[in-house]
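Okay, structure first, notes after.
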Amino acid sequence: MDSSGADLDRIEAQRSMLVSHDQRKDFSHSGGVGTTSPTGDTEPVPKFRTNLKLSDLFALPGEDVEMTPEIFGGMSNGEKECLEKLRSNGTPMERVKSNTGDSILHIAAKWGHLELVKEIIFECPCLLFEQNSSRQTPLHVATHGGHTKVVEALVASVTSALASLSTEESEGLNPHVLKDEDGNTALYYAIEGRYLEMATCLVNADKDAPFLGNNKGISSLYEAVDAGNKFEDLVKAILKTTDDNVDREVRKFNLDSKLQGNKHLAHVALKAKSIGVLDVILDEYPSLMDEQDEDGRTCLSYGASIGYYKGLCNILNRSTKGVYVCDQDGSFPIHSAAKNEHYEIIKEFIKRCPASKYLLNRLGQNILHVAAKNEASLTAYMLMHDKDTKHLGVGQDVDGNTPLHLAVMNWDFDSITCLASRNHEILKLRNKSGLRARDIAESEVKPNYIFHERWTLALLLYAIHSSGFESVKSLTIQSVPLDPKKNRHYVNALLVVAALVATVTFAAGFTIPGGYISDSKKPNLGRATLATNPTLFIFLLFDILAMQSSVATICTLIWAQLGDLALILKSLHVALPLLLFSLLCMPVAFLFGVITAIAHVKWLLVTISIISGGFFLFAIFILGPHVMLQRSHLPPSSGIFLKTFMLTIDISELFVILIKACFGCVACSE
């Protein structure tokens, strides 16, 4: 809106008085910084008089006037009539405040009413610097709300107002560097909200604002780097504030002196996985890739830990010296990759620096130790199958432990097989306590049934048996329940399952496929119609086996109800195999019962047979280990079944992941 000198004089006449220079209110909480004019087009805003006094930028003295609900609602709705009401009532607009300390300009800026903001600025320029109870200026409020046009208008107004004053008078009046109660500037809110156009306007208005940190030690520059590729050009504009001819060390010193809070910009770029921003930072300040963060990690270690392959290669292309720089905990970048199971990064390290595979941490552990210790089974598997790293399996740390020792200590059954089967020498090695991996497993396994411990022990013993290193009589040991009450609940659950199987199979025996001969004129009245059908015979055979096995299970488990621990163990050793057998016979009986009825439909017969066969095998590999690992004696030859079960688990997990992915895609499309 345009105005003349006469209009400004009219507005000045409406004011009761002007405060003097020594009565002004100090609104700055962060020190003054000179401003530069913003670039880019902005909305036209009221022009200030060239002879603007400092007193024009501060509110009238006196107490605040409580904002009425009518004025609050009207300003929130963008109604200019509210200003006229305030004028007609003689209410000083500068003193009208809500219960949260918001001025009328705060409210108009919060809801993005551009024209109302312009008019308020024209009449009350002092409100540009007014802060609410949260120490936020209208510029804070507008940026937080994401109103770019309003922000541009406020920035242009502030720049015009300060330009009309002398340098001495304008010092300390820069709202671009004012911080709210959380220590955030308006620029921080713009970047946090990912408003690129708005952030660019604010950066152009004040080049020092991006370096100010909040109460959490996060600066606007840090937040811009964390925003990723979208803010690449803005980060470049912020960092390109010095002459290229200045020495890099001097530029780095200048950056450190200006940047408040967290200074690990390269780490943040890696976290954001923004290769463009990383290039901007390292091109301008190459030494940042050698710095360590608050956890003592170099850029390479941090990139390896999060698995950012492109960023890590970018750093390695610049320099590989960081590969041999350890963190504060004594680990090298290649150890971070092994710990977090990023095998492709390990390969990249070894490709560029072959000697890095021999690096040891403070515990004397190599990458295979670290992988085994942290249950990174896939990494351990790949390293043991690589001829260049396979020999690391016999390495011993400061305690004499091999990777296999550490895997056993952590009961990592996934790593056991590859570590023990790919290098038989590892089975013979003893640590400084004189213990082999087998000794640790057998001594540390708990007496009560804990699946992953007994599973690990069984796989280790099978690997020893397969290698021929020493004899193994059994893959399991006797388990003793610690709580008889919990064991009784387990027995009761088995009784319920066995009773259900017996009931279902008993009923199925009298509702056979094809029914019975009901015609009195035909021979064999009341006999099965398909009695001579071989598939019906198989149906009846497995149905009877399932029923009889379940009944035998019930009879056996009745003994377990007496509470005698020895009887419980012996009953379970008999009942569990019987129940497993009955559960497997039941689906076979069902399959042949269906085949009897639909044998003439070939395609349906094949489909049902394939589906049933798959789930039958799945049931074997799910229920089998549960029964086998509870037996006091399991011959070593059973180990092949356990290894196959491991493969089944991996396939099942992959199948579940695929199903989730498919349903996720369907959900996204909907």
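Glycine too: its Cβ is placed from the backbone N, Cα and C atoms.
Lifted from Swiss-Prot, the feature list:
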type	residues	note
TOPO_DOM	1-456	topological domain 'Cytoplasmic'
REPEAT	100-129	repeat 'ANK 2'
REPEAT	134-163	repeat 'ANK 3'
REPEAT	329-358	repeat 'ANK 8'
REPEAT	363-391	repeat 'ANK 9'
REPEAT	399-428	repeat 'ANK 10'
TOPO_DOM	478-492	topological domain 'Extracellular'
TOPO_DOM	514-537	topological domain 'Cytoplasmic'
TOPO_DOM	559-577	topological domain 'Extracellular'
TOPO_DOM	599-602	topological domain 'Cytoplasmic'
TOPO_DOM	624-638	topological domain 'Extracellular'
TOPO_DOM	660-670	topological domain 'Cytoplasmic'
Against which stretches of its own chain does the topological domain 'Cytoplasmic' (599-602) lie, if we need a Cβ under 8 Å and a gap of at least six residues from its ends?
535
Of the residues in the repeat 'ANK 10' (399-428), how many are helix, strand and coil by DSSP?
21 helix, 0 strand, 9 coil
Other than its close neighbours in sequence, what residues sit by the topological domain 'Extracellular' (624-638), given a CB gap under 8 Å and a spacing of at least six beyond its ends?
449, 451, 454-455, 458, 461-462, 465, 472-479, 569, 572-573, 576-577, 580, 645
Looking only at residues six or more beyond either end of the topological domain 'Extracellular' (559-577), which have a C-beta under 8 A from one in the stretch?
478, 480-481, 484, 487-488, 491, 494, 498, 553, 626-627, 630-632
Please list the DSSP helix, strand and coil residue counts for the repeat 'ANK 2' (100-129).
22 helix, 0 strand, 8 coil
What are the DSSP helix, strand and coil residue counts for the repeat 'ANK 8' (329-358)?
22 helix, 0 strand, 8 coil
